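J.: One structure follows; several queries about it will come next.
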Amino acid sequence: MTTTLTRPADGEGSVQVQQDASVRIQEGALVIAVYGKGGIGKSTTSSNLSAAFSKLGKRVLQIGCDPKHDSTFTLTHRMVPTVIDILEEVDFHSEELRPDDFMFEGFNGVKCVESGGPPAGTGCGGYVTGQTVKLLKEHHLLEDTDVVIFDVLGDVVCGGFAAPLQHANYCLIVTANDFDSIFAMNRIVAAINAKAKNYKVRLGGVIANRSAELDQIEKFNQQTGLKTMAHFKNVDAIRRSRLKKCTIFEMDSSDEGVMECQNEYLSLAQKMLDNVEPLEAEPLKDREIFDLLGFD
């Protein structure tokens, strides 16, 4: 059961969505939450990273945490029903469901779940995420999983959409080499630090996406203590893979940039499996970001 509690350790006067402590992802699984500015390419990044983990022989589960429910369509090649939609069909009697009602197999055996969300302007996305994890646990679907990836809505860092951080070992932040993306990343760093006071989640690093250069990202990293873990340039093959509803690993490896992207995703996956050193980063004040990046 999800309740709302005041947690001063998360920030003075903060109110956070607190999940049932008994609903936990099994110990031993690598759990990653992927955040970043809206439209930055988190779903593409998450799906390709899931595919990379599967290529390394891992059993992977990707959970989409966005009401748009488009996180996993490049893995499944279609838009799958959401957990919240399926639960509504059975009047929220989860015992009536079978695993294949809400979990779908995607590329190379990756398991895919879309949590969905409440109607616009109502409810809490964090509650839906909590119900999704609870449902997976009830059906013993987390017991044979090596890697779990939460693909989280935009850069919303309220108590609800910060809920995946309560399950994660690491948070990866997707950004571009521009002011708006970095500004959003700074807010996400603050949210992760707040959650880290009460949960095991730690910063894993930065994924630079659709960026030819890294100068602004690296300038920010140096000031905050972040580190770039992977760099994906503005490769047209990634755009085309979305149009074809497939991962970069299903594209022709002879096409320009495809092999380079595949290797970068495999390298990132291996770094995470090797227990990357958590980062101790400190966010900047808004004014400091403007001074650092805004007036060159």
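Cβ atoms here come from the backbone N, Cα and C positions, even for glycine.
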J.: For the ATP site that Swiss-Prot describes with G39, I40, G41, K42, S43, T44, N209, R210, which of these is also annotated: K68, K227, K244?
T.: K68
J.: For K68, R210, listed as binding-site residues, tell me which one has the smallest number of other Cβ atoms within 10 Å.
T.: K68
J.: Among the binding-site residues listed here (G39, G41), identify the one with the smallest other-Cβ count within 10 Å.
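T.: Lowest Cβ count within 10 Å among the binding-site residues (G39, G41) is G39.
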J.: Among G39, I40, G41, K42, S43, T44, K68, N209, R210, which the record lists as binding ATP, how far apart in Å are the two most distant Cα atoms?
T.: 22
